[in-house]
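One structure is given below, encoded as structure tokens.
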Amino acid sequence: MLFNFIKDKNKHIHFIGIGGISMSGLAEILLYHNFTISGSDMNSSPITKKLKDKGAHIYIGHKKENIKDADLIVYTAAIASDNPEIIEAKEKNIKLMDRADFLGDLMKGYKYNIAISGTHGKTTTTSMLSHVALKANVDPTILVGGNLDIINGNVRVGKSDFFITEACEYKSSFLKFFPYIGAILNIDADHLDYYRDLNDIKNAFSKFIKLIPKDGYLVAYGEDKNIQSIIKEANCNVITYGINSGDIQAHNIEYDEKACGNFDVVKDNQKLFSVKLNVPGKHNILNSLASICIGLASNMKCKDIIEGIESFFGTHRRFELKGCKNNITVIDDYAHHPTEISATLDAAKKYPHNKLFCVFQPHTYSRTLTLFDDFTKCFDNADEIILADIYAAREKDTGIISSDMLGDKLRDRGLKCTNFHKFDDIKNYLIENAKDGDLILTVGAGDIYKVGEMYINL
């Protein structure tokens, strides 16, 4: 254990990449507890400004001088080994911790850690559960991978023993955590730049299950075949949920005019209560069931669970209504995996519209390549597809895969699809082609949301 929440109170902790959503949240938690915090990032942003206003020393750019007087340095997986601050820390024998290790050590300071894992839906479910926990007045500390209006950001510091966070499987980060309640929302093939195959991913989730103590809880989507194959690994209390099976089920589902589900929550064939969602799609019914199960396992009152679920209107970049222009609706979603895109388009299909334009920006070359066949089959609910270039993120273009190749395959399948290389060209195309009553859906984990903002702000 390199970091101790109590013993290290007087330490100076430096974050490399402090502008990231998770790193900034960790820094903010420590600032609340009066740690000395500094951090560097390549660009200033509203996040770095917020941290500076709270007392952090912020450096723009990475230089060895930035880590002066630091006792511990936390870095993300995106930071290269030749980063000058990393090199300087090694030369001066300053302790280095990666973000997941640090978060794991931080969790040791809490008794009731709730870790939300799964290939899809982590941010939404963590946010939804946060609403429930706040309604139940358990005063949780919250660390979420998106901006949540109810906490005015991505982090909340509470005074109780409850800690709610996402648990990402990328690079097995979630295996460094200490969940008392661990949720698995789904298991799908993703991050194949790190994992060998789906079995390798399932093996990581099996290890995650084993982290939960005997008196803790595994909350799992019981209708997911990949979860079914590993749930036997649990040596703790298990609560499953689903539409047609599971300990907690959703019955009598109806959708309103905005595709939001209303349903009865059933346990042992007995109705517990009814709930009305304010987020669309079947996938959000499942996300809400996971939140309900965790609430019940945490002995929260049903009325608080209902109020928490029904007060949740989504997070930024998760089927987020960006606005309307000339009676044309613009919605943005973070979906970047074929399963997520299918779920998002299914929800959009139920949303009032004439024609549905899906503006998609593939995220990373490795994901586009390894899941290429799946990407060719997930856009069928769109009336027209517009493809931007691949968002590289942490990767380099090797020339093996491109958005044009995906576009060719979609056109071969008879789908109306157009490729563009510039956001301005996409905006102009939408100006010319989107008509009264149409729906524009921007999709992807990169910066494709800018297209919708450009269109609305004309």
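Just so it is clear, glycine is given a Cβ too, placed from its N, Cα and C backbone atoms.
Secondary structure at HIS120 (ATP binding site), taken from DSSP and collapsed to helix, strand or coil, is coil. The ATP binding site annotation in Swiss-Prot covers GLY118, THR119, HIS120, GLY121, LYS122, THR123, THR124.
For GLY121 (ATP binding site), the same-chain residues 6+ apart in sequence whose C-beta sits under 8 angstroms from its C-beta are LEU185, ASN186, HIS283, LEU286, ASN287, ALA290. Look at the Cβ of each of the binding-site residues THR119, THR123, THR124 and count the other Cβ atoms within 10 Å; the largest number goes with THR124. For HIS120 (ATP binding site), applying a Cβ distance below 8 Å and a minimum sequence separation of six or more within one chain yields LEU185, ASN186, ASP188, HIS283, HIS337, THR339, GLU340, ALA343. In sequence order, ILE116, THR125, LEU185, ASN186, ASN287 are the same-chain residues whose CB sits within 8 A of the CB centroid of GLY118, THR119, HIS120, GLY121, LYS122, THR123, THR124, the residues recorded for ATP being left out.
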